[in-house]
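Asker: I'd like to ask some things about the structure below.
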Amino acid sequence: MKVLVLNSGSSSIKYQLFETHDWAVRAHGAVARIGEALSEFKESWVDADGTRQTQHVERAIPSHRAGIDHIIASLRTNRVIGDISELAAIGHRVVHGGEHFKSPTIVDEAVVAAIRAVTPLAPLHNPANLEGIEVTRRLFPQVPSVAVFDTAFHQTMPRTAYRYALPEWLYLEHRIRRYGFHGTSHHYVAKRAAAMLGKPLEDCHLITLHLGNGASATAIRDGNSVDTSMGLTPLEGLVMGTRSGDLDPAILFYLAKNLGLEMTAIEDLLNRQSGLLGICGVNDMREIDRMAEDGDDRAELAIGITAHRIKKYIGAYYAELGRLDAIVFTGGIGENSMEIRCRACEGLETLGIKIDDRSNFCGEHRGERCISTPESQVRVLVIPTNEELEIAQQAFDATVGVARATQ
Ligand code: ADP
(Lines of atoms letter the chains of each structure in order from A; the text may use other names.)
(Lines give C-alpha, C1' and ligand atoms only; values in the text may rest on other atoms or scores of the structure.)
Protein backbone atom coordinates (compact mmCIF):
# COMPACT_ATOMS: atom_id res chain seq x y z
CA MET A 1 0.00 0.00 0.00
CA LYS A 2 0.94 3.65 -0.35
CA VAL A 3 0.22 6.90 1.48
CA LEU A 4 0.08 10.27 -0.25
CA VAL A 5 0.98 13.31 1.86
CA LEU A 6 -0.31 16.72 0.76
CA ASN A 7 0.76 20.08 2.12
CA SER A 8 -1.61 22.62 0.58
CA GLY A 9 -0.64 26.28 0.82
CA SER A 10 -2.51 29.29 -0.53
CA SER A 11 -0.93 29.02 -4.00
CA SER A 12 0.99 25.75 -3.84
CA ILE A 13 0.65 22.04 -3.10
CA LYS A 14 3.67 19.98 -2.04
CA TYR A 15 3.37 16.21 -2.02
CA GLN A 16 5.20 12.99 -1.25
CA LEU A 17 4.15 9.42 -1.94
CA PHE A 18 5.38 6.73 0.49
CA GLU A 19 5.42 2.93 0.30
CA THR A 20 4.06 1.64 3.60
CA HIS A 21 6.18 -1.54 3.77
CA ASP A 22 9.51 0.31 4.05
CA TRP A 23 8.41 3.99 4.12
CA ALA A 24 10.54 4.73 1.06
CA VAL A 25 9.59 7.85 -0.92
CA ARG A 26 8.38 6.73 -4.36
CA ALA A 27 7.63 10.23 -5.64
CA HIS A 28 7.64 13.82 -4.51
CA GLY A 29 7.02 17.18 -6.06
CA ALA A 30 5.14 20.43 -5.96
CA VAL A 31 2.64 22.52 -7.85
CA ALA A 32 3.48 26.20 -7.45
CA ARG A 33 1.84 29.48 -8.48
CA ILE A 34 -1.66 27.97 -8.62
CA GLY A 35 -4.08 30.42 -10.24
CA GLU A 36 -1.42 32.43 -12.06
CA ALA A 37 -1.15 32.48 -15.87
CA LEU A 38 1.68 29.97 -15.80
CA SER A 39 1.87 27.51 -12.90
CA GLU A 40 4.83 25.29 -12.24
CA PHE A 41 4.78 21.52 -11.73
CA LYS A 42 7.89 19.70 -10.55
CA GLU A 43 8.01 15.98 -9.95
CA SER A 44 10.63 13.40 -9.07
CA TRP A 45 9.83 9.68 -8.97
CA VAL A 46 11.45 6.26 -8.97
CA ASP A 47 10.45 4.23 -12.04
CA ALA A 48 9.89 0.47 -12.29
CA ASP A 49 13.64 -0.09 -12.92
CA GLY A 50 14.52 1.79 -9.74
CA THR A 51 15.87 4.80 -11.66
CA ARG A 52 15.06 8.29 -10.36
CA GLN A 53 13.30 10.44 -12.95
CA THR A 54 12.38 14.11 -12.86
CA GLN A 55 10.17 16.42 -14.84
CA HIS A 56 9.42 20.10 -14.75
CA VAL A 57 6.51 21.60 -16.68
CA GLU A 58 4.92 25.02 -16.81
CA ARG A 59 1.23 25.24 -17.64
CA ALA A 60 -1.93 26.83 -16.34
CA ILE A 61 -3.21 25.14 -13.15
CA PRO A 62 -6.16 27.31 -12.14
CA SER A 63 -7.20 25.72 -8.83
CA HIS A 64 -6.24 23.29 -6.05
CA ARG A 65 -8.61 20.75 -7.59
CA ALA A 66 -6.75 21.02 -10.91
CA GLY A 67 -3.43 20.79 -9.04
CA ILE A 68 -4.39 17.60 -7.21
CA ASP A 69 -5.87 16.16 -10.43
CA HIS A 70 -2.56 16.90 -12.10
CA ILE A 71 -0.52 15.22 -9.35
CA ILE A 72 -2.63 12.03 -9.43
CA ALA A 73 -2.66 11.92 -13.26
CA SER A 74 1.11 12.26 -13.30
CA LEU A 75 1.59 9.54 -10.65
CA ARG A 76 -0.54 7.25 -12.82
CA THR A 77 1.14 8.16 -16.12
CA ASN A 78 4.55 7.55 -14.57
CA ARG A 79 3.26 4.21 -13.21
CA VAL A 80 4.04 5.16 -9.63
CA ILE A 81 0.49 4.14 -8.77
CA GLY A 82 -1.69 1.85 -10.86
CA ASP A 83 -5.09 2.19 -9.27
CA ILE A 84 -6.29 4.66 -6.67
CA SER A 85 -7.17 1.67 -4.45
CA GLU A 86 -3.40 1.31 -3.82
CA LEU A 87 -3.67 4.39 -1.59
CA ALA A 88 -4.26 3.42 2.06
CA ALA A 89 -4.69 7.07 3.04
CA ILE A 90 -4.12 10.66 2.01
CA GLY A 91 -2.46 12.57 4.85
CA HIS A 92 -3.08 16.33 4.94
CA ARG A 93 -1.00 18.77 6.91
CA VAL A 94 -3.35 21.10 8.80
CA VAL A 95 -1.76 24.00 10.62
CA HIS A 96 -4.36 24.68 13.35
CA GLY A 97 -6.54 22.16 15.11
CA GLY A 98 -7.45 24.42 18.04
CA GLU A 99 -8.27 22.55 21.25
CA HIS A 100 -10.51 20.15 19.40
CA PHE A 101 -7.90 17.97 17.69
CA LYS A 102 -5.38 16.11 19.84
CA SER A 103 -4.45 13.40 17.32
CA PRO A 104 -4.60 12.62 13.57
CA THR A 105 -8.22 12.44 12.48
CA ILE A 106 -10.00 10.80 9.54
CA VAL A 107 -11.97 13.58 7.90
CA ASP A 108 -15.76 13.54 7.64
CA GLU A 109 -18.27 16.39 7.41
CA ALA A 110 -18.09 17.09 11.16
CA VAL A 111 -14.28 17.26 11.04
CA VAL A 112 -14.39 19.68 8.10
CA ALA A 113 -16.77 21.88 10.11
CA ALA A 114 -14.52 21.72 13.19
CA ILE A 115 -11.42 22.69 11.16
CA ARG A 116 -13.39 25.54 9.61
CA ALA A 117 -14.46 26.68 13.08
CA VAL A 118 -10.84 27.29 14.14
CA THR A 119 -9.94 29.15 10.92
CA PRO A 120 -9.97 32.56 12.67
CA LEU A 121 -6.92 31.28 14.61
CA ALA A 122 -5.01 30.53 11.36
CA PRO A 123 -6.63 32.63 8.64
CA LEU A 124 -3.70 32.29 6.23
CA HIS A 125 -3.21 28.53 6.52
CA ASN A 126 -6.36 26.59 7.44
CA PRO A 127 -8.44 27.64 4.38
CA ALA A 128 -5.74 26.34 2.01
CA ASN A 129 -5.35 23.12 4.03
CA LEU A 130 -9.14 22.63 3.94
CA GLU A 131 -9.23 23.24 0.21
CA GLY A 132 -6.84 20.31 -0.31
CA ILE A 133 -8.92 18.09 2.00
CA GLU A 134 -12.20 18.93 0.28
CA VAL A 135 -10.72 18.23 -3.14
CA THR A 136 -9.38 14.77 -2.20
CA ARG A 137 -12.65 13.86 -0.44
CA ARG A 138 -14.60 14.79 -3.58
CA LEU A 139 -12.21 13.16 -6.05
CA PHE A 140 -11.39 10.02 -4.05
CA PRO A 141 -14.19 9.36 -1.54
CA GLN A 142 -13.04 5.74 -1.19
CA VAL A 143 -9.60 6.78 0.21
CA PRO A 144 -9.56 8.08 3.81
CA SER A 145 -8.35 11.69 4.03
CA VAL A 146 -6.56 12.12 7.34
CA ALA A 147 -5.88 15.53 8.90
CA VAL A 148 -2.59 15.73 10.81
CA PHE A 149 -2.38 18.91 12.89
CA ASP A 150 0.70 21.07 13.65
CA THR A 151 -0.89 21.91 16.99
CA ALA A 152 -1.90 18.39 18.13
CA PHE A 153 1.39 17.34 19.77
CA HIS A 154 1.22 20.35 22.09
CA GLN A 155 -2.25 19.58 23.40
CA THR A 156 -0.61 17.85 26.38
CA MET A 157 0.64 21.19 27.77
CA PRO A 158 -0.63 21.95 31.28
CA ARG A 159 -2.78 25.07 31.63
CA THR A 160 0.00 26.82 33.54
CA ALA A 161 1.98 26.70 30.28
CA TYR A 162 -0.79 27.34 27.76
CA ARG A 163 -2.79 30.09 29.47
CA TYR A 164 -1.75 33.74 29.08
CA ALA A 165 -2.03 36.14 32.00
CA LEU A 166 -5.01 37.81 30.35
CA PRO A 167 -8.60 38.21 31.57
CA GLU A 168 -10.23 34.81 31.82
CA TRP A 169 -13.07 35.63 29.40
CA LEU A 170 -10.58 35.93 26.53
CA TYR A 171 -9.83 32.24 27.01
CA LEU A 172 -13.33 31.09 27.85
CA GLU A 173 -15.13 32.97 25.07
CA HIS A 174 -12.42 33.31 22.42
CA ARG A 175 -10.01 30.46 23.17
CA ILE A 176 -7.04 32.82 23.33
CA ARG A 177 -4.23 30.63 24.67
CA ARG A 178 -0.91 29.17 23.61
CA TYR A 179 -1.34 26.38 21.01
CA GLY A 180 2.15 25.89 19.59
CA PHE A 181 3.07 24.73 16.10
CA HIS A 182 5.65 22.53 14.30
CA GLY A 183 4.19 19.71 16.43
CA THR A 184 4.74 17.08 13.74
CA SER A 185 8.42 17.98 13.54
CA HIS A 186 8.94 18.14 17.33
CA HIS A 187 7.20 14.77 17.70
CA TYR A 188 9.23 13.16 14.90
CA VAL A 189 12.63 14.29 16.21
CA ALA A 190 11.64 13.38 19.78
CA LYS A 191 10.96 9.80 18.65
CA ARG A 192 14.26 9.66 16.78
CA ALA A 193 16.08 11.12 19.81
CA ALA A 194 14.58 8.42 22.04
CA ALA A 195 15.86 5.80 19.58
CA MET A 196 19.33 7.39 19.65
CA LEU A 197 19.28 7.52 23.46
CA GLY A 198 18.20 3.87 23.54
CA LYS A 199 15.17 4.36 25.77
CA PRO A 200 11.42 4.63 25.33
CA LEU A 201 10.12 8.09 24.40
CA GLU A 202 7.87 7.90 27.49
CA ASP A 203 11.03 8.06 29.66
CA CYS A 204 12.69 10.98 27.82
CA HIS A 205 13.04 14.58 28.94
CA LEU A 206 14.03 16.65 25.89
CA ILE A 207 14.30 20.17 24.54
CA THR A 208 13.66 20.12 20.80
CA LEU A 209 14.65 23.14 18.73
CA HIS A 210 13.08 23.40 15.27
CA LEU A 211 15.06 26.19 13.61
CA GLY A 212 13.97 26.85 10.01
CA ASN A 213 12.40 29.94 8.47
CA GLY A 214 9.88 29.54 11.26
CA ALA A 215 11.44 28.49 14.57
CA SER A 216 10.17 27.04 17.83
CA ALA A 217 11.43 25.34 20.98
CA THR A 218 9.55 22.62 22.85
CA ALA A 219 10.01 21.17 26.34
CA ILE A 220 9.17 17.46 26.38
CA ARG A 221 8.59 15.58 29.64
CA ASP A 222 8.13 11.80 29.53
CA GLY A 223 7.55 12.05 25.76
CA ASN A 224 4.84 14.75 26.01
CA SER A 225 5.03 18.41 25.06
CA VAL A 226 4.74 20.44 28.27
CA ASP A 227 5.70 23.85 26.89
CA THR A 228 6.47 25.43 23.54
CA SER A 229 7.60 28.83 22.35
CA MET A 230 4.99 29.58 19.68
CA GLY A 231 1.69 30.79 21.02
CA LEU A 232 -1.77 31.63 19.72
CA THR A 233 -0.03 32.10 16.37
CA PRO A 234 3.43 31.20 15.03
CA LEU A 235 4.68 34.75 15.74
CA GLU A 236 5.74 34.24 19.37
CA GLY A 237 9.04 32.88 20.65
CA LEU A 238 12.37 32.54 18.90
CA VAL A 239 13.85 34.90 16.30
CA MET A 240 12.74 33.69 12.84
CA GLY A 241 13.54 34.49 9.20
CA THR A 242 11.12 37.42 9.00
CA ARG A 243 9.14 37.12 12.28
CA SER A 244 10.11 38.98 15.45
CA GLY A 245 9.30 36.31 18.01
CA ASP A 246 8.96 37.57 21.61
CA LEU A 247 8.66 41.29 22.22
CA ASP A 248 7.10 43.74 24.62
CA PRO A 249 3.42 43.95 23.58
CA ALA A 250 3.53 47.68 24.33
CA ILE A 251 5.65 48.10 21.18
CA LEU A 252 2.41 47.57 19.22
CA PHE A 253 0.66 50.46 20.99
CA TYR A 254 3.74 52.60 20.52
CA LEU A 255 3.79 51.91 16.77
CA ALA A 256 0.07 52.67 16.50
CA LYS A 257 0.04 55.78 18.69
CA ASN A 258 3.36 57.43 17.90
CA LEU A 259 4.04 56.30 14.34
CA GLY A 260 0.37 56.17 13.26
CA LEU A 261 0.69 52.63 11.86
CA GLU A 262 -2.51 50.72 11.05
CA MET A 263 -3.01 47.23 12.51
CA THR A 264 -2.42 45.56 9.10
CA ALA A 265 0.88 47.45 8.73
CA ILE A 266 1.96 46.34 12.22
CA GLU A 267 1.01 42.76 11.41
CA ASP A 268 3.08 42.91 8.24
CA LEU A 269 5.99 44.53 10.07
CA LEU A 270 6.14 41.80 12.74
CA ASN A 271 5.47 38.85 10.42
CA ARG A 272 7.32 39.78 7.24
CA GLN A 273 9.81 42.53 7.92
CA SER A 274 11.30 41.54 11.27
CA GLY A 275 13.44 38.65 12.55
CA LEU A 276 16.75 38.08 10.76
CA LEU A 277 15.56 40.20 7.83
CA GLY A 278 14.75 43.12 10.08
CA ILE A 279 18.03 42.99 11.98
CA CYS A 280 20.44 42.63 9.06
CA GLY A 281 18.46 42.93 5.80
CA VAL A 282 18.78 39.23 4.88
CA ASN A 283 16.74 36.23 6.05
CA ASP A 284 18.86 33.39 4.68
CA MET A 285 21.17 32.08 7.43
CA ARG A 286 23.74 30.82 4.89
CA GLU A 287 24.12 34.33 3.53
CA ILE A 288 24.17 35.80 7.05
CA ASP A 289 26.98 33.38 8.04
CA ARG A 290 29.01 34.53 5.01
CA MET A 291 28.36 38.21 5.75
CA ALA A 292 29.40 37.77 9.39
CA GLU A 293 32.61 36.03 8.31
CA ASP A 294 33.33 39.06 6.12
CA GLY A 295 32.96 41.31 9.18
CA ASP A 296 29.40 42.59 8.65
CA ASP A 297 28.33 43.86 12.08
CA ARG A 298 24.57 43.62 11.45
CA ALA A 299 24.91 39.98 10.37
CA GLU A 300 26.97 39.30 13.50
CA LEU A 301 24.20 40.91 15.60
CA ALA A 302 21.50 38.82 13.86
CA ILE A 303 23.37 35.63 14.76
CA GLY A 304 23.97 36.92 18.28
CA ILE A 305 20.33 37.80 19.00
CA THR A 306 19.12 34.50 17.51
CA ALA A 307 21.51 32.41 19.61
CA HIS A 308 20.85 34.49 22.75
CA ARG A 309 17.09 33.86 22.44
CA ILE A 310 17.58 30.11 21.89
CA LYS A 311 19.82 29.96 24.97
CA LYS A 312 17.16 31.71 27.06
CA TYR A 313 14.63 29.06 26.07
CA ILE A 314 17.08 26.23 26.78
CA GLY A 315 17.60 27.63 30.29
CA ALA A 316 13.89 28.18 30.89
CA TYR A 317 12.86 24.74 29.65
CA TYR A 318 15.68 23.00 31.53
CA ALA A 319 14.33 24.65 34.70
CA GLU A 320 10.79 23.53 33.84
CA LEU A 321 11.86 19.95 33.15
CA GLY A 322 14.23 19.61 36.11
CA ARG A 323 16.10 16.80 34.37
CA LEU A 324 17.24 16.78 30.76
CA ASP A 325 18.37 13.85 28.59
CA ALA A 326 19.04 15.70 25.34
CA ILE A 327 18.76 18.90 23.35
CA VAL A 328 17.80 18.29 19.72
CA PHE A 329 18.60 20.67 16.86
CA THR A 330 16.53 20.35 13.68
CA GLY A 331 15.23 22.43 10.72
CA GLY A 332 17.40 24.07 8.05
CA ILE A 333 19.36 26.16 10.56
CA GLY A 334 19.39 23.61 13.38
CA GLU A 335 20.66 20.88 11.06
CA ASN A 336 23.26 23.00 9.26
CA SER A 337 24.47 25.99 11.24
CA MET A 338 27.28 24.93 13.57
CA GLU A 339 27.64 28.60 14.53
CA ILE A 340 24.09 28.83 15.94
CA ARG A 341 24.40 25.45 17.70
CA CYS A 342 27.75 26.44 19.19
CA ARG A 343 26.62 29.88 20.39
CA ALA A 344 23.28 28.64 21.75
CA CYS A 345 25.05 26.08 23.97
CA GLU A 346 28.12 28.19 24.81
CA GLY A 347 28.72 28.64 28.54
CA LEU A 348 26.23 25.96 29.58
CA GLU A 349 28.91 23.53 30.82
CA THR A 350 27.80 23.99 34.43
CA LEU A 351 24.36 22.72 33.34
CA GLY A 352 26.04 19.58 31.96
CA ILE A 353 25.80 20.73 28.33
CA LYS A 354 29.09 20.60 26.40
CA ILE A 355 29.37 20.54 22.63
CA ASP A 356 32.31 18.79 20.97
CA ASP A 357 33.67 21.26 18.39
CA ARG A 358 34.84 18.55 16.00
CA SER A 359 31.48 16.75 15.98
CA ASN A 360 29.64 20.05 15.70
CA PHE A 361 31.56 20.89 12.52
CA CYS A 362 29.35 18.88 10.21
CA GLY A 363 31.59 18.73 7.14
CA GLU A 364 29.96 16.29 4.76
CA HIS A 365 28.02 14.45 7.46
CA ARG A 366 24.39 15.48 7.26
CA GLY A 367 22.58 12.63 9.04
CA GLU A 368 21.50 12.06 12.64
CA ARG A 369 24.42 12.61 15.00
CA CYS A 370 25.48 13.37 18.54
CA ILE A 371 27.60 16.53 18.82
CA SER A 372 28.19 16.64 22.59
CA THR A 373 31.37 15.45 24.32
CA PRO A 374 31.35 12.01 25.99
CA GLU A 375 31.40 13.79 29.40
CA SER A 376 28.39 15.99 28.62
CA GLN A 377 25.56 14.84 30.90
CA VAL A 378 23.00 16.20 28.45
CA ARG A 379 23.41 14.83 24.96
CA VAL A 380 23.21 17.36 22.14
CA LEU A 381 21.78 15.78 19.00
CA VAL A 382 21.33 16.94 15.41
CA ILE A 383 18.37 15.16 13.80
CA PRO A 384 17.13 16.04 10.30
CA THR A 385 13.37 16.46 10.54
CA ASN A 386 10.97 14.62 8.26
CA GLU A 387 7.49 16.04 8.73
CA GLU A 388 6.12 14.33 5.62
CA LEU A 389 7.16 10.88 6.86
CA GLU A 390 5.61 11.60 10.25
CA ILE A 391 2.35 12.72 8.58
CA ALA A 392 2.36 9.61 6.36
CA GLN A 393 2.88 7.25 9.30
CA GLN A 394 0.32 9.02 11.50
CA ALA A 395 -2.23 8.99 8.65
CA PHE A 396 -1.60 5.30 8.03
CA ASP A 397 -1.84 4.45 11.75
CA ALA A 398 -5.13 6.36 11.98
CA THR A 399 -6.67 4.31 9.16
CA VAL A 400 -5.24 1.01 10.43
CA GLY A 401 -6.56 1.85 13.91
CA VAL A 402 -10.05 2.40 12.51
CA ALA A 403 -9.84 -0.80 10.42
CA ARG A 404 -8.87 -2.74 13.58
CA ALA A 405 -11.64 -1.15 15.61
CA THR A 406 -14.29 -2.10 13.05
CA GLN A 407 -13.11 -5.72 12.64
P1 ADP B 1 11.25 26.13 6.33
O2 ADP B 1 10.84 26.59 7.69
O3 ADP B 1 10.84 27.05 5.24
O4 ADP B 1 10.97 24.67 6.06
P5 ADP B 1 14.04 25.29 6.45
O6 ADP B 1 13.86 24.31 7.55
O7 ADP B 1 14.36 24.77 5.09
O8 ADP B 1 12.84 26.30 6.35
O9 ADP B 1 15.19 26.28 6.91
C10 ADP B 1 15.54 27.40 6.15
C11 ADP B 1 16.71 28.09 6.84
O12 ADP B 1 17.79 27.16 6.95
C13 ADP B 1 17.23 29.28 6.05
O14 ADP B 1 17.53 30.35 6.95
C15 ADP B 1 18.51 28.75 5.46
O16 ADP B 1 19.44 29.76 5.23
C17 ADP B 1 18.98 27.82 6.56
N18 ADP B 1 20.01 26.91 6.06
C19 ADP B 1 19.89 25.95 5.13
N20 ADP B 1 21.11 25.37 4.88
C21 ADP B 1 22.00 25.99 5.69
C22 ADP B 1 23.41 25.89 5.91
N23 ADP B 1 24.14 25.00 5.24
N24 ADP B 1 23.99 26.70 6.84
C25 ADP B 1 23.25 27.61 7.53
N26 ADP B 1 21.92 27.77 7.35
C27 ADP B 1 21.30 26.98 6.46
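Each Cβ is built from the backbone N, Cα and C atoms, and glycine gets one as well.
Note that this is a predicted model, so its numbers are computed, not measured.
So TrEMBL says this about it:
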type     : residues                                                                          : note
BINDING  : N7, E387                                                                          : Mg(2+) binding site
BINDING  : K14, H210, L211, G212, N213, G214, D284, M285, R286, G332, I333, G334, E335, N336 : ATP binding site
BINDING  : R93                                                                               : substrate binding site
ACT_SITE : D150                                                                              : active site, proton donor/acceptor
SITE     : H182                                                                              : site 'Transition state stabilizer'
SITE     : R243                                                                              : site 'Transition state stabilizer'
Asker: Listed recorded positions are H182, L211, N213, D284, I333; which sit with C-beta under 6 angstroms of ligand 1?
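Answerer: The qualifying recorded positions are N213, D284, I333.
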Asker: Name the residues of the same chain, 6+ apart in sequence, whose Cβ is under 8 Å from the Cβ of R243 (site 'Transition state stabilizer')?
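Answerer: R243 (site 'Transition state stabilizer') has long-range Cβ partners G214, P234, L235, L270, N271, R272, S274, G275.
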Asker: Of D150, E335, E387, the recorded positions given in the record, which has the fewest other CB atoms within 10 A of its CB?
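Answerer: Comparing Cβ neighbour counts within 10 Å for the recorded positions D150, E335, E387 gives E335.
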Asker: In whole Å, note down how far the CA of H182 (site 'Transition state stabilizer') lies from the CA of E387 (Mg(2+) binding site).
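Answerer: Their Cα atoms are separated by 9 Å.
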Asker: Recorded positions N7, R93, D150: which have a Cα within 10 Å of L211 (ATP binding site)?
Answerer: none
Asker: A 10 Å Cβ contact count, applied to the recorded positions K14, R93, H182: which residue has the minimum?
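Answerer: Relative to the other recorded positions in K14, R93, H182, K14 has the fewest Cβ atoms within 10 Å.
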Asker: Would you list, in sequence order, the recorded positions among K14, R93, H182, D284, R286, E335 whose CA lies within 10 Å of the CA of the residue listed as 'active site, proton donor/acceptor'?
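Answerer: Within 10 Å of the residue listed as 'active site, proton donor/acceptor': R93, H182.
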Asker: Please list residues from the chain of N7 (Mg(2+) binding site) whose Cβ is under 8 angstroms from its Cβ, counting only those at least six apart in sequence.
Answerer: I13, K14, Y15, H92, R93, E388
Asker: Roughly how many Å separate the Cα of E335 (ATP binding site) from that of H182 (site 'Transition state stabilizer'), to the nearest whole number?
Answerer: 15
Asker: Of N213, D284, R286, I333, which is closest to H182 (site 'Transition state stabilizer') if I measure between C-alpha atoms? They're all binding-site residues.
Answerer: N213
Asker: Going by DSSP, is R243 (site 'Transition state stabilizer') sitting in a helix, a strand, or coil?
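Answerer: SS state of R243 (site 'Transition state stabilizer') = coil.
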